[in-house]
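Quick look at what Swiss-Prot lists:
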- 12-45: repeat 'TPR 1' (REPEAT)
- 46-78: repeat 'TPR 2' (REPEAT)
- 80-112: repeat 'TPR 3' (REPEAT)
- 114-146: repeat 'TPR 4' (REPEAT)
- 147-180: repeat 'TPR 5' (REPEAT)
- 182-214: repeat 'TPR 6' (REPEAT)
- 215-248: repeat 'TPR 7' (REPEAT)
- 249-282: repeat 'TPR 8' (REPEAT)
- 284-313: repeat 'TPR 9' (REPEAT)
């Protein structure tokens with residue numbers, strides 16, 4: 001070894017080479033041992049963050065949080081450490097703690113768009129809609145063509161019951177990104193709730209064309225077709241939905257309602273009974289069965305079913 005070489009730096013360099021090699025081979029236990037050796041040579045926030053990330057990969061989340069905190073003790077405004085700590089807290093469902101981390105990040109001058117998005121997401125999950133909207137409006141002021149921000153704003157307004165304002169936001173999101181199925185689904189739901197069934201059906205069918213396993217879109221399509229009296233089509237979509245989700249009592253209920261409307265009362269009763277086998281406390285199933293029994297002239301049985309429905313409603 002030549003004169004003037006700092007052995008400590010040389011040894012650390014070897015450790016880093018071995019560490020990156022272990023990471024590449026996904027040998028996380030070895031990488032962790034090497035990080036500990038590096039920490040013996042040099043304590044730094046970057047190294048603590050690396051250790052925290054390995055611990056998270058290994059599922060040792062509490063220890064990972066401990067090392068993110070060690071990094072932040074040395075460098076409180078370390079954006080990456082704050083972000084990763086906050087993201088871990090979100091994944092653990094610790095939203096209040098995550099909120100504090102991301103609000104701190106938002107106050108930093110260098111906070112970027114992902115930070116603001118995640119902060120708004122957390123606030124939305126916590127039901128702090130006004131605060132979330134303030135952050136989203138700041139994003140939209142700077143990035144008016146952010147489809148994600150328009151969609152987030154639309155979802156919050158939807159949760160607040162402000163359907164027309166929410167619809168405007170989803171329309172803006174879809175102008176920017178027409179392939180956004182989630183925004184299209186929300187648009188369909190809103191149009192349905194506003195009684196604009198034809199427009200809603202068009203949106204929801206587009207969602208289903210793009211993703212034929214979207215049960216939520218199917219549920220709304222079935223309801224709309226029932227409202228529009230297009231019963232045979234509703235029946236076909238119900239069959240498709242039952243293939244995807246054969247244990248959903250609501251689908252059996254829809255099928256029973258459709259069969260009742262088609263005058264197929266004996267078949268309808270079978271489906272209402274299936275609903276009641278899964279959950280005997282669904283009043284609409286008792287009510288639907290009562291209607292079918294009444295149409296079949298089985299008045300006493302119908303009265304009994306009506307009474308069961310009334311007991312649940314009360």
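Just so it is clear, glycine is given a Cβ too, placed from its N, Cα and C backbone atoms.
Long-range contacts of the repeat 'TPR 8' (249-282) within the same chain, counting only residues at least 6 positions beyond its ends with a Cβ under 8 Å from a Cβ of the stretch, are 219, 222-223, 226, 231-232, 234-235, 238, 241-242, 288-289, 291-293, 295-296, 312. If you look at the repeat 'TPR 4' (114-146), the same-chain residues 6 or more away from its ends with a CB under 8 A from one of its CBs are 79, 83, 86-87, 90, 95-96, 98-99, 102-103, 105-106, 152-153, 155-157, 159-160, 176. Across the repeat 'TPR 1' (12-45), the DSSP tally of helix, strand and coil residues reads 28 helix, 0 strand, 6 coil. For the repeat 'TPR 9' (284-313), the model gives a mean pLDDT of 96.
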